[in-house]
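Here the structure is laid out as structure tokens; the discussion comes afterwards.
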Amino acid sequence: MSGPPFSGAGMNFRITVWCAAAAVWSSGALAQDGAGQAAPGTPDKVYSTTGTAPAKPGDKVYSTRSAQAPDPQADAVKERFAQRFEGFDVTAVRRTPYGLFEVQIGTDLLYTDEKVTWVMEGPLIDALTRRDVTRERQEKLSSVPFDELPLDLAVKQVKGDGSRVMAVFEDPNCGYCKQLHRTLEDMDNITVYTFLYPILSPDSTTKVRDIWCASDPAKVWKDWMVRGQRPPTAECDAPVEQWLALGRQLMVRGTPAIFFKSGGRVSGALPRDELEARL
């Protein structure tokens with residue numbers, strides 16, 4: 001999948017951990033230490049992870065914060081984490097049944113002890129069942145009720161009886177999105193809702209406008225993504241800002257981002273067998 005670098009996890013987090021460790025060491029504590037296309041730059045934080053700040057009046061907000069009972073100890077860990085690592089937007093901290101605290105930063109997860117002396121970047125594996133606990137938690141935290149998606153803002157394509165449904169955030173300049181379309185060409189009885197998501201280049205915004213404003217957006221979209229036929233120029237009031245706001249609210253950091261009827265989501269172009277299994 002492609003997406004802008006996320007400052008809360010991965011290599012950027014590890015670098016920050018080591019920088020913070022040098023400062024924390026003097027006070028007696030040491031801190032130690034995710035297939036798509038990346039959008040340039042870090043996304044502006046217009047979205048909300050708490051469900052309280054719509055991008056603009058009337059917008060529906062999707063939250064990645066699950067309801068939980070008050071936990072003073074977890075709150076204290078969150079405060080300590082913020083002190084250790086300034087600039088990280090911590091969504092929530094939760095106590096786990098395996099003696100650690102789960103630190104949620106958007107849809108990314110880290111683990112720490114009560115005093116935030118050590119920080120571990122997943123995945124966390126259950127040694128008895130071999131389950132990837134981190135991945136399971138991320139899927140749960142990032143799930144979105146499919147019926148709540150504003151499908152009227154999507155380009156709709158139907159093949160066969162259209163009984164299997166999915167929604168995808170795509171940039172017209174995304175190579176992995178085009179790979180996904182080649183996979184979909186070999187599948188039947190499917191409905192695909194595409195949210196045009198121009199994050200890769202200024203030219204992406206022009207293309208999504210031409211596609212959305214065409215007399216047959218679904219045909220023009222397929223012609224471009226599958227056949228490479230550039231969309232003819234078209235003018236209308238395309239909902240570009242609404243697409244971008246929706247993506248931020250859902251924490252879509254790259255394309256393609258696939259949402260399934262079950263509420264699950266996947267980042268990147270899945271091979272056909274995995275896609276069939278999820279549909």
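The backbone N, Cα and C atoms fix where each Cβ goes, glycine too.
What Swiss-Prot lists as signal peptide is 1-31. Residues or ranges marked as region 'Disordered' by Swiss-Prot: 33-74. Positions annotated as compositional bias 'Low complexity' by Swiss-Prot: 33-44. The disulfide bond feature in Swiss-Prot is assigned to Cys174-Cys177, Cys213-Cys236.
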## Note on the structure
When each of the disulfide-bonded residues Cys174, Cys213 is scored by other CB atoms within 10 A, the minimum falls on Cys213
### Query
What is the interatomic distance between the Cα atoms of Cys174 (disulfide bond) and Cys236 (disulfide bond), given in whole Å?
23
### Task
Round to a whole number and give the Cα-to-Cα distance in Å for the pair Cys213 (disulfide bond) and Cys177 (disulfide bond).
21
### Task
Take the Cβ of Cys236 (disulfide bond) and count every other Cβ within 10 Å, whichever protein chain it belongs to.
10
### Other CB atoms, at most 10 A from the CB of Cys177 (disulfide bond)
26
### Message
For the C-alpha pair, I'd like the distance in angstrom between Cys177 (disulfide bond) and Cys236 (disulfide bond), rounded off.
### Response
25
### Task
Let me know the DSSP-derived helix, strand or coil state of Cys174 (disulfide bond), please.
coil
